[in-house]
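Among the features that TrEMBL reports, transmembrane segment is placed at 20-40, 81-103, 115-131, 169-192, 198-222, 283-305, 317-337, 349-369, 381-401, 422-444, 450-470. Feature annotation from TrEMBL assigns domain 'Major facilitator superfamily (MFS) profile' to 27-474.
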């Protein structure tokens, strides 16, 4: 694999010798199957809710409305229980991510990923064998526990195991597998939609496959050096660091990890520490980026793509095929982020991606406002234009807000609040996803085409925030974020003027003893 000395950022004199080793690549690839689990569920949910056999068994009222000739196009899928089927997973994920945060800190990232795969497997089995709605929802809750654990552990794992120079691209493998999971789910739905009576069971049961791959593969990966050192296993941490960096000269990086761990271990109540003034900048930026990620409107497209396409007049099979097309665009476009994020930086991709999404959303809104009434169908040629615009939108999201939300929130917190801070980021993502999933069909019913302008307005707000308030983290070592990012930002630096007074005396002493390399 390509190797070399890793530059930690412009203007820094510190460097950590490292190679992009095969070990790091394999560990990142296996861990990223946590993203495949998440993506598969996102894609599969919208597909099965468009299958008649599934609706007849669990949501007969929706089936009647869907096939009623004079039913309002925007309201035919509006059903609180159908929304609960999609959104219940994210309530469970919020709770699970809290437990996963504590598990990550006490037992490590690797066991937390293993727990994620077990929860997800149980959920898949319950769903594939569901005989009634309570059993179906119970399965969704187990899937949610798996998503919560996986989304908490995998990005942290990828961030901590990666050399700074390649951290962005490697971390985005998690998002890439989310998009692959969505694509695979859409393909599965396309083929199973024609299988009578049990096609939906095949679709839901397929979630067990990535769960098994992650569980089996997790036994072949290493724990992160940071986690090992944090739990008192310094010798093993040093050995692992040499192994994943591919060089023996890792003493500088190891010493930085040890010092950061010693500082972190002074914090007995990390959640309480998040409320202190120096923790506010990463807390705000690390969580609000997940609010923004969900209010781009992406999960409206990913959850309910088949529903949206059927609303526009596509048949069931055609709508699923259109979802496959958007899923393909999603996966291919995420590769752009992997290639560019460590060169262009985070902020540029976020702003340009938001602008592309905004233009696409507004154009779709104008078209639907003109052509899609309560009872009419969009002309075939216009419907194809809408699919094309959705592909443009998905493209803009896939190399910006999709992967960078998870990346940025996993790298901005110092070690002493990393797992607890990242829990709030994941919980925020799951909460906003729940809100969107639970409210979207009702919003579509009441707002109609204006729903696209609603999300476009959010894209303007988030672009302004990124340009003004979000610092660039490209190439900065994790343990240098406070000094080189937050204390140098035009606004956030004011939160650190009295930080030495607020932080424990032992922490200040350790930082003062830190040598200048």
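Cβ coordinates are placed from backbone N, Cα and C, and glycine is handled just like the others.
Worth saying up front: this structure is predicted, and the values here are computed from it rather than measured.
For the transmembrane segment (450-470), the residues of the chain that approach it from at least six positions outside its boundaries are 285, 288-289, 292, 295-297, 300, 346-347, 350-351, 354-355, 357-358, 361-362, 364-365, 368-369, 401, 408, 440, 443-444, 491-492, judged by C-beta separation under 8 angstroms. Touching of the transmembrane segment (20-40) and the transmembrane segment (422-444) is ruled out by the presence of fewer than three CB pairs under 8 A, sequence neighbours closer than 6 excluded. Among the recorded stretches 81-103, 198-222, 317-337, 381-401, 422-444, the one sharing the largest number of Cβ pairs closer than 8 Å with the transmembrane segment (349-369) is 381-401. Looking at which of 169-192, 198-222, 317-337, 381-401, 422-444 has the most CB pairs under 8 Å to the transmembrane segment (81-103), the answer is the stretch 422-444. Outside the transmembrane segment (317-337), and at least 6 residues removed from its termini, the chain residues within Cβ reach (under 8 Å) are 43, 46-47, 50, 169, 172, 175-176, 179-180, 182-183, 185-187, 189-190, 193-194, 301-302, 305-310, 349, 387, 390-391, 394-395, 397-400, 402-404. Outside the transmembrane segment (198-222), and at least 6 residues removed from its termini, the chain residues within Cβ reach (under 8 Å) are 23, 26-27, 30-31, 33-34, 36-37, 40-41, 44, 47-48, 51, 53-54, 110, 113-114, 116-118, 120-121, 123-125, 127-130, 139, 143, 146, 150, 161, 181, 184-185, 188-189, 192, 240, 243-244.
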